[in-house]
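Q: According to TrEMBL, the record shows the following:
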- His99, His101, Glu105, His144: Fe(2+) binding site (BINDING)
- His99, His101, Glu105, His144: Ni(2+) binding site (BINDING)
Amino acid sequence: MGSLSKDDREEVIQAWYMDDSDEDQRLPHHRNPKEFVSLEKLAELGVLSWRLDADNYETDEKLKQIRESRGYSYIDFCEVCPEKLPNYEEKIKNFFEEHLHTDEEIRYCVAGTGYFDVRDHNDGWIRVWVKKGGMIVLPAGIYHRFTLDSDNYIKAMRLFVGDPVWTPFNRPHDHLPARKEYLESFVQKAAANNTVDTTA
């Protein structure tokens, strides 16, 4: 295979455009035909990703380097499943409300699976399926939501710079500085890069 083998992150993180169906949110919701989204395209939206060794997160040098370089001083764990999460039904409903945060949302899946849905530049939903070993960073100011898949279980490490603030701001919150900065950094920049000079 050589050095052109596919990105090993794709084994733990996959993304695709969602359909508009209002069926159970835990279903995959692929479009027909399926429309996959590359990790590079996610990066253009500010969504970063890594593949890590979830069985050895306590001693993983790669995780340590990411934490040091990005300043993630705080960690804790969140288990989302009917048996472990108090007020499960209400929490799942809240997680699936479209919202943004004024800080990055960093999630490292150490067991189970889950869907992080993010808006693209044109407000389409992209579903990001994160499995054990996948770590993603959603930038401050991006509209997103979370749900379990049909397996109904994820255990995620939550990371944060300094003291954690988990406040969700449900859409619309376009007046927040974090939203304006996100649009300037990712959406407007992408639009400028895609402008074709037709005068040539």
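Our numbering is plain: 1 for the first residue shown, then up by one each step along the chain.
In case you wondered, yes, glycine gets a Cβ from its N, Cα and C as well.
Note that the structure is a prediction, hence the values are computed from the model and not measured.
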Q: Which ones in the same chain are close to His144 (Fe(2+) binding site), with CB under 8 Å and 6+ residues apart in sequence?
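A: Same-chain residues close to His144 (Fe(2+) binding site) (Cβ under 8 Å, separated by 6 or more) are Glu98, His99, Leu100, Glu105, Phe116, Asp117, Val118, Arg119, Leu138.
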Q: Which residues in the same chain, at least 6 apart in sequence, have a Cβ under 8 Å from the Cβ of His101 (Fe(2+) binding site)?
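A: For His101 (Fe(2+) binding site), the qualifying residues are Leu138, Ala140, Gly141, Val165, Trp166, Thr167, Pro168, Phe169, Ala178.
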Q: Ranked by the number of other Cβ atoms within 10 Å of their own Cβ, which of the binding-site residues His99, Glu105 ranks first?
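A: Compared across His99, Glu105, the most Cβ atoms within 10 Å surround Glu105.
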Q: What other residues of the same chain, not counting His99, His101, Glu105, His144, have a CB atom within 8 A of the CB centroid of the Ni(2+) site?
A: Leu100, Leu138, Ile142, Tyr143, Arg145, Pro168
